[in-house]
Number of protein chains: 2
Amino acid sequence: MENIFTDEYFMKKALQEAEMAFDKGEIPVGAVIVVNNTVIARSHNLTELLNDVTAHAEMQAITAAANFLGGKYLKDCTLYVTLEPCQMCAGALYWSQITKIVYGASDDHRGFVKMGTQLHPKTVVVRGVMANEASELMKRFFAERRK
Amino acid sequence: MENIFTDEYFMKKALQEAEMAFDKGEIPVGAVIVVNNTVIARSHNLTELLNDVTAHAEMQAITAAANFLGGKYLKDCTLYVTLEPCQMCAGALYWSQITKIVYGASDDHRGFVKMGTQLHPKTVVVRGVMANEASELMKRFFAERRK
């Protein structure tokens, strides 16, 4: 039987979260955290609504996943996020010792790769999963804001 | 009249917060955020109690200060924190565009300076204020943990 639980499968759920952010006028970034093929946290950017620069999708997902697991280390967890994490989120992921990070679109200006933020040595990174979809959503958001 | 509102004055308040963390069995780091010589946020590390790697003193202080101000940018604010911020906290401070950061002890392993985390170009940094007191508290904490 074919495995339906591909990276694309979970990234679609992160994209649904990004669309929810879009609908609220937030920069459209969404995230889910998965363990054993089960989504244990889902979130989207809420920096405008909460007036809080720390309310990125990833930060909320890390807190929610740790709460679900009853422990602060995200062992055996995979984060799916539509946009490359920033310094803050990569720094939080470093502390969480998360097993895997899968992201969609790259952020060549403020992403952790450009910024040189260090992840935990245990963490595997997969990039570019459904990058076009994530990128198109961002472009549509900023085009509408410029109107 | 002598100005009582020195960096030491506010760092003492951050140290009081660090002692509260110590008493709870948390790595003793404390922070306050000040605007116009008034403390608008105070916090200490709660990562163990909350089971949450994002619950550093600085992160909580940023959220609380933004809540107090009703806006997410920490204009004219100074953060006093007993230990040099990590990548995550420096990344959050970057987004906050905070005016000034004053820290006590350096963290030569996981501090933002060693890690190369970028702060906002507007942000001024002062280091080493009451560094010995902050450092002694950390040493005492880890010495007691090893017993």
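Just so you know, glycine gets a Cβ as well, placed from its N, Cα and C.
Of all the Cβ atoms in the protein chains shown, 29 others lie within 10 Å of the Cβ of B:Glu58 (active site, proton donor). In the three-state DSSP scheme, B:Glu58 (active site, proton donor) falls into the helix class. As annotated by TrEMBL, active site, proton donor applies to B:Glu58.
Under the heading Zn(2+) binding site, TrEMBL lists B:His56, B:Cys86, B:Cys89. Counting only residues at least six positions away in the same chain, the Cβ atoms of B:Val29, B:Asn45, B:Thr47, B:Pro85, B:Cys86, B:Met88, B:Cys89 sit under 8 Å from the Cβ of B:His56 (Zn(2+) binding site).
If you average pLDDT over the domain 'CMP/dCMP-type deaminase' (B:5-114) in this model, you get 98. Residues annotated as domain 'CMP/dCMP-type deaminase' in TrEMBL: B:5-114.
Around the Cβ of B:Cys86 (Zn(2+) binding site), the number of neighbouring Cβ atoms within 10 Å comes to 26. According to DSSP, B:Cys86 (Zn(2+) binding site) sits in a coil region rather than a helix or strand.
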